[in-house]
Amino acid sequence: MAEPPQSSERIPRNEEPEVSSIRDASDRLGDEKDIETEIPTKLSSNGGGKSEKVDSGEAAETEKKPGLAKRAWDALGLNPGILLMMFKGSVAPTIGVAFYQAHSVASIYSTLGYLVPIITVISVPIMPRAKFFQTLILNIIGICIGSAIAMLGIWSSIKAQEHTTPAGSRQQYNSSQSAVCAIWLFANIYFVNCMRAKVPALQFPVIMYSIFTNVAFTFAPLFQTVVEGEALIKRLLEGFLTAFAIASAVNLFIVPMTSRNVLFKELEGYIGAVRGTLKAQTAYLQSLETSDMFTETTTGDDKHSKDDKNRKKAGKKDNPISTQTPQAKALKGAIGGLKALHGKVYGDLPFAKREIAWGKLEAKDLDEIFVLLRAILIPLVGLSTITDIFERIAERRGWTHAARTQHDEAEAWEHAEEEAKNEEKRVWNEIMKTLHEPFVVLVTALDEGLEHAGLTLELITPPKKKKGEDEESKSADPKPGQPEFTKFLNTRTKDFYGGRGHTLKAWAKEKGLSAEQFDSFHGSTSGENQLNPNEIQHGRDQQQLYLILYMEFLLYSVGLAVANLVKFADKKVEDGVMKKNRLILPGLRRLKKWITSIGNEDSTIDTESPDNLEAGSRNIYMGSGFNPKKDPEHLPPATVWQHFGNGLRVIPRFLGSTESAFGFRVACATLTIGIVAFLKETQVFFIEQRLVWAMIIIAIGMTMTSGQSIFGFFTRIGGTALSMVFSFVIWYIVDQKTPGVIVFLWFFIFLEMYFFLKFPRFIAVWLICIVTQVLIIGYELQVRKIGIVAASASGQPYYPIYELAPYRLACVAGGSFVAFIWTIFPYPISDRSWLRRDLGSTLYLLANYHAVIHSTIGARMHNTEGDMDLKTSPGRRLKKVRHKIFGKLLMILPSLQQHADWEKWELTIGGKFPRDTYEDITIRATNIMNYMSLISYAAQSWSQDGGSAYPNTIPAARRAWIDDLALLVDKIGPTSHSVTSILSLLSASVKTGTALPPYMQLPEPYNLTKRLQALDKGILDARHVEEPGYSAYAVMQVASAMMMDDLKRLVDSVKDLVGETDFSFRVDVSDSSVDSTGSETSEGRKGKRD
């Protein structure tokens, strides 16, 4: 499996993935309670009877109300894991401040002693070990390179001074020396921030480098000899390396947290989240036994809105959740949390695989576990879409209010009167009652299977045994953790699959069909437009049958995926992997990939194309999607000179990139303040007022988009104001006594680390708050240690704390304001434009994903995947690209929400931002991705080895299904290609803002039923329902119909956003007005879009 990209984020971001990973892991470190217990559910086979209610009521009466301290603890989300991480984060800066009180230490670091605790904070020692040491290595390399370049710059500036100063002159200021230092500073800041924007892993190393060079080059104009410059660089280098050493010691020895620990905690949460989702799914299905799944849950706006315009707007906005019951909302929430956790595991997996560890599971085992969990996720997501399916049925039959579009065209048999709704509800209530017991039995077994896998792989903590439990819980069924459990789970799964026929016969009986009628139940092949009542009823009955098969097939698929996970866990026990710990070392190949991945981030999420596959034997023709992205202005190089020219073209391409523009903005912002240090009249003012801190604020907090910049401007000032107040409290509450000041400094940092961990979105705010606090207190203690005379020797006068703290606030305010100005000048890069660009990228990735899924299905149908164990086989290549794009989609979709949140902070000049339209496009894109994944997953049962997992099937019949479906896939090829083309066109329109072409032909529905019946009239007879191909076909039919519906709505939303090239007009004779693009319209009638 290809290694995923480390992060989808484009630096700079305010939320660091490693910090959120620490938060999630620490949340679970002290919380032994499984996630699934937080979701209320009823799994008893009797549906939660009277005795259960009595028991729960008695328990509620006897349960005592928690005290105030307990409620506050729970409200804050505190647990031992969070407290330990808060303590760990507060130790390093406290050590940096405290150890300076030793005479031997103070004599070494002199006036730069306060820099050590500041760098320990920015080093973030609470990161997991692999991430920390990767950042540490980059930090060391960065400051070593920075010290060498700074020394070169100081030497060149002194040489400029020597060549431009007249003999015998005693003038301290030299304009040439200052100009050279300014040029060096500008070039350094520009280049490193280009790298910062290009490579997310370099964020903290670039901050370190910027601090180093800002200090070095702003003090360089004061030097008269190279020796003075060497002394400064040496002290800076010693201070940085000492801080790194302290941070490393804290990371290794104070509450050690490895990347494997973080991953294992996330996997524990993943298993718990799957169990919770299964229970939420069961609770939702059980609620359908009595509730009306077609009833619209209207909002207050819907109830009181009278005019059509407001009603349409409210309907469109609330449409995705219009029929959601509390159980449906709980299910959606569980699925959303599971998908978010899947993305975090995807990002943390590479670091865990690279780590040197003492444990049991190796890197390849972690890879396999992730693949098995992903196989569980996809059918679970598909199973949760049943809420949307019922909603669409209600909309298409006219039972709920919905924002209709020009493409919402229901088939003739779908139109139904309001009276038919009660009958449909009654039938579904009875169906759900029939499905109750088999679903509960299987979900209970799957829940135990997940527990068994977690216990066997030592991913979850064994539950504590209660007194007398062994005697009371003895039963014939094996329990999770016992060797016989796998056989028990397989039996339960096969029983569920084998009993599907009984459920369907019960449904047929409900429909009034005898066994013989049920066996001959098939679709009509009538081609007439007018349907008779029997054909209308048949269409509705067939829809019900497909939905039953849809739910049963997906739940059974979850069962197979869980069984595979259990089988893998038992195999690790049989192989002796879980018997003892061993030293686990990353291989040379993995280390090589790690080193190359730092400088070569997976940028295909920006270019919207799949990864270029490794060069290999091209004995099989592969499509152009497998090849490197083409240059529309240049043919591939054919000569040595053309190859050399390609290398030269990298330079202008780099200079014209977005990253280069960001680096230029940061350099300009830095020199806006830094110029004060290079002018004769203001040089002394710069040194005395310590304006270098304002330059450092720019390095830490400058962002690429205006929304983040506005937000950061206010929050950084607010955070610094708090740190000023806290500094006063820390300093005066103990009457300025050094030991008490150090203890209270630790205590305040300890408290502030709570916000650092709990709200990583505001990491820059907490970082500046803590750093400013350490700076103020550290400087005052430093002056107290070495004396005012020594502290002022560098040209910086001593300020008492009541003057120093406001000056620091002024510096932060000035630096933040300058950073904000250069973010919007000369033109702003708004989060709105970034959101639009990312949305276009998402649609293009969907086009790629749909194309590769269609090729995958064709390969499975025609048995041309080849040997999946060979990396060069077509099936293996398709699998790699498919998983890579799916991973990117899971990572880029949350970033859309981040930009949407930052967009709220941007100033609106002109019309309002169409936020609702963007949200609708995002929802449609997410739904399309889910249904595409579901179609690909369902097609696995048609592959060569897929039939082994389906008992009670006849190989010959299964082969007949595959042959007919292979012809079907070929026939729907044009429709499938049209979907890819439409998504590509929508992507281009959204990214460029150009109008869609007129009269765009949307792809026709697949009409799989009619196509199959044309191939084989009896292929859809209900006697074939136990064939895996039939159920997979039902899943494909339902998912493709939902996907096409979402695609049509997506086209409408994009058309609302960018318009349509339509110059048609209509003469309304009654109102004597012309309704056309850009002209007057009759009252109450909406004109055509641009």
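From the backbone N, Cα and C atoms, a Cβ is placed for every residue, glycine too.
Here is what TrEMBL records for this protein:
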type     : residues  : note
DOMAIN   : 79-168    : domain 'Putative ER transporter 6TM N-terminal'
DOMAIN   : 172-461   : domain 'Putative ER transporter 6TM N-terminal'
DOMAIN   : 687-822   : domain 'Integral membrane bound transporter'
REGION   : 1-66      : region 'Disordered'
REGION   : 295-327   : region 'Disordered'
REGION   : 461-485   : region 'Disordered'
REGION   : 1069-1090 : region 'Disordered'
TRANSMEM : 81-100    : transmembrane segment
TRANSMEM : 106-124   : transmembrane segment
TRANSMEM : 136-155   : transmembrane segment
TRANSMEM : 175-192   : transmembrane segment
TRANSMEM : 204-224   : transmembrane segment
TRANSMEM : 236-255   : transmembrane segment
TRANSMEM : 545-566   : transmembrane segment
TRANSMEM : 691-711   : transmembrane segment
TRANSMEM : 717-734   : transmembrane segment
TRANSMEM : 741-757   : transmembrane segment
TRANSMEM : 763-783   : transmembrane segment
TRANSMEM : 804-825   : transmembrane segment
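Among 81-100, 106-124, 691-711, 741-757, 804-825, 804-825 has the largest number of CB pairs under 8 A with the transmembrane segment (717-734). Remote same-chain partners of the transmembrane segment (545-566), defined as residues 6 or more beyond its termini with a Cβ less than 8 Å from a stretch Cβ, comprise 278, 285, 369, 372-373, 375-376, 379-380, 382-383, 386, 389, 431, 435, 439, 442-443, 445-446, 449-450, 452-453, 456, 485-486, 489-490, 492-493, 496-497, 500, 503-504, 507, 521, 934, 937-938, 949, 1022, 1025, 1030-1032, 1034-1035, 1037-1038. Ranking 81-100, 106-124, 204-224, 236-255, 804-825 by CB pairs under 8 A with the transmembrane segment (763-783) puts 106-124 at the top. Here the domain 'Integral membrane bound transporter' (687-822) is broken down by DSSP into helix, strand and coil counts: 113 helix, 0 strand, 23 coil.
Confidence across the domain 'Putative ER transporter 6TM N-terminal' (172-461), taken as the mean pLDDT and rounded to a whole number, stands at 82.
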